[in-house]
């Protein structure tokens, strides 16, 4: 520990009543008596801590001096963000100072003299006290500032709207000489000459607790009574108290407000107490266990200073006769190793400690974890949340809604969600309510939904016997409870997977189909066929079927062909003749190279099945691949309707409602009529082999992606190219694992690294849908409170984004998960980008959902300016506050009226009473516009 007193810090030999170190640690402020007025001085910290800087004449000592107070300044306090400085004095005023770029020495501007380096201007003068202001305290997050006075009151000022008074706390019958905030934000405490300490609630500003016992013997012998709250919120330590006739600093425990401990040893009354800003930790000397504790400094009228640790029963250090007069104020630096003290004799002292002496401060992350464990909220808790609950409701629409927790919107309506139907006697309403989680989206948490319920049992199976007598057991429905897809509870859903195929060496002939009971699980798989791990033992399937908790995918999964070819959905089952079955071996392009399909593979759409057999025909010219079209009747009997051969092994193929595309190893591509097997247009050749192929859901468009990244989309019926571009610019060493073509000809791709893109011809660029970008990760993971939806036709954006393989945050700390400083702008930026993507890809259902999500996010954490901006855009340019012409004044977006989108946003504003005036204002405008346009539909239900 080092102690030194810089003699050059003084107020012209006048008293210094207050001192405070800036949060940056680069400067500190003093307040006291000037020559003929009150004085506030901002000093450079460097010359105090560094001898070389002190000796260097080029390093300024005084940064700014302000002599605006008409009488002695009793207290100076920096705001938590360091942007403002508050000073209070005997002139009954509180002045708020803010740094400016330059000063002209005009009214309210100071720093124009030659010795001033910085320029600080008084931005607000707070008038409300009827007597001297003795102490000041900023609330956590600088939402309010409290001042106390000899007029027996404490005034709470709105720090966001100076000089607005929030409340005047009355109840003391003597001079109020000290005030401090609970770091958790629930209370504010004050100490007075009336021999009492009062604790006030911040929700309604009522007096919660009055403590008098430790102060009954005290007299008004001190100029100030600066009490302090510990950084963990557990202890409130008062100034002047008495115990057995001796002066003490009383320890008041938050738990029950017990007063059975105190700090003793000072010979005269304690004037000021200041806790270290951080919770400290170190290894206990004897046990070597990690200790967490607080540190505080105590100053008294006996001119001595003591430093205490809550982990020790005796003081860490006591310094006697540090000054010639009473110690009046104390301040710790943010790094926790520097303590400044000031005295009535006009001098200051600096004490420097080491980490070995005091310990190491807890990180903000660890501090917030501690806060969450102790209080259920973090250190960045918004103090206005509870206050808003007490707000008077002015609009009847808010009477019932404001009492319930806000519920985030859902992409899929509850009546459509799997598991929302009545099952096992479960009431529909009960199931639906269980699926809705009243939690914040953009938030990552686990949630219980119908997707975690036990899957429906296998209802029936089909046994297939080939010519050689081998048996193939095909489950009609296996509800794999996958995190990436919705659980299906019906046997006739198009996305059900059928297992089994013919042996590669067998010719194509009719097979016998026989239904068997579901108890039979014996499965025999041909070595040449690998259909989604069909060769694995049956018990592995059983284990997967029993899983009740979904597991996030570790890599991007190939998209089921049911969604690629048919555009079908687990939520909207197609007609039986539109069912697409894929029994092709799932090609795994580990290097992004085309791989020849092994064995006998087929895909079917409706009643037609296309079967590929590589290397099945041996000729003197080479080996041929056989492609056969089969018709399957209602009795599941097969009949060959056409057959053709291909001169190069097939690497991938796809089947649509009218056509099939065959991609070969020699870079050639064939498009065949699915009913006749005839070519639709001549064989085309690209520069490399195709690795992905897909039809649009209406089967009018077909596309391929090659090894080199070439992307082609053709309109089959018109025999023309729709899009010709390249993916290589976005691949960056990865390769395409999923390709989907929308009915509008817009390609969606997912890469092996998990990123996904969509090509926009209007922008002639790839739009980013999912990547490792932290904004996107935060936005997508925050919306996983509801299960991902995979319906490529209705929800293309959500479906493609669900295939990402990006993990959640690297830390599980409460600070990271609930940091309001970055989450709100990140969430809003993500949602607004989602809205723009939906507009470009023409997804009206998702557009409406993301507008609703934007309203939900703005209602919880948005600003008035942002809310007005969004609502003005939906109202239209002619009704916007911004009178500039809007080029896009279309009354609808993707066929959805902007008035409908506005209603969704307003509906979410109803969950927060603080937005009731904005809600009423814009609802009235919306009603007027709808009446003017002849729309008499009900607005809010």
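Heads up, the Cβ atoms here are built off N, Cα and C, so glycines get one too.
Annotation comment: TrEMBL describes 412-443 (among others) as compositional bias 'Polar residues'.
Annotation source TrEMBL lists compositional bias 'Low complexity' at 444-454.
Positions annotated as compositional bias 'Polar residues' by TrEMBL: 561-572 (among others).
Sequence annotations record features per position, and here TrEMBL assigns domain 'CAF1B/HIR1 beta-propeller' to 1-211.
The feature domain 'Protein HIRA-like C-terminal' is assigned by TrEMBL to 677-874. The average pLDDT computed for the domain 'Protein HIRA-like C-terminal' (677-874) is 87.
Marked as region 'Disordered' by TrEMBL: 403-454 (among others).
The feature region 'Disordered' is assigned by TrEMBL to 551-586 (among others).
Sequence-distant contacts of the repeat 'WD' (66-98) (same chain, at least 6 residues past either end, Cβ-Cβ under 8 Å): 15, 17-24, 29-34, 37-42, 108, 110-111, 120-127, 129-138, 140-142, 145, 147, 149, 157, 159, 162, 223-224, 329. The feature repeat 'WD' is assigned by TrEMBL to 66-98 (among others).
The repeat 'WD' feature in TrEMBL is assigned to 126-158 (among others). Residues 71, 74-81, 84, 86-90, 92-96, 164-170, 172-181, 183-185, 188, 190, 192, 194, 200, 202, 205, 223-226, 379-384 of the same chain lie 6 or more positions beyond the ends of the repeat 'WD' (126-158) yet place their CB under 8 Å from a CB of it.
Non-local neighbours of the repeat 'WD' (169-210) in the same chain are 131, 134-141, 146-150, 152-156, 216, 218, 220, 222-233, 236, 238-240, 250, 252, 257, 371, 375, 377, 379, 381, 383, 386-387, 389-390; each lies 6+ residues outside the stretch with a CB under 8 Å from one of its CB atoms. According to TrEMBL, the feature repeat 'WD' maps to 169-210 (among others).
With helix defined as DSSP H, G or I and strand as E or B, the repeat 'WD' (126-158) counts 3 helix, 20 strand, 10 coil. The residues of the repeat 'WD' (169-210), classed with DSSP into helix (H, G, I), strand (E, B) and coil, number 0 helix, 24 strand, 18 coil.
Mapped onto DSSP classes, the repeat 'WD' (66-98) shows 0 helix, 19 strand, 14 coil.
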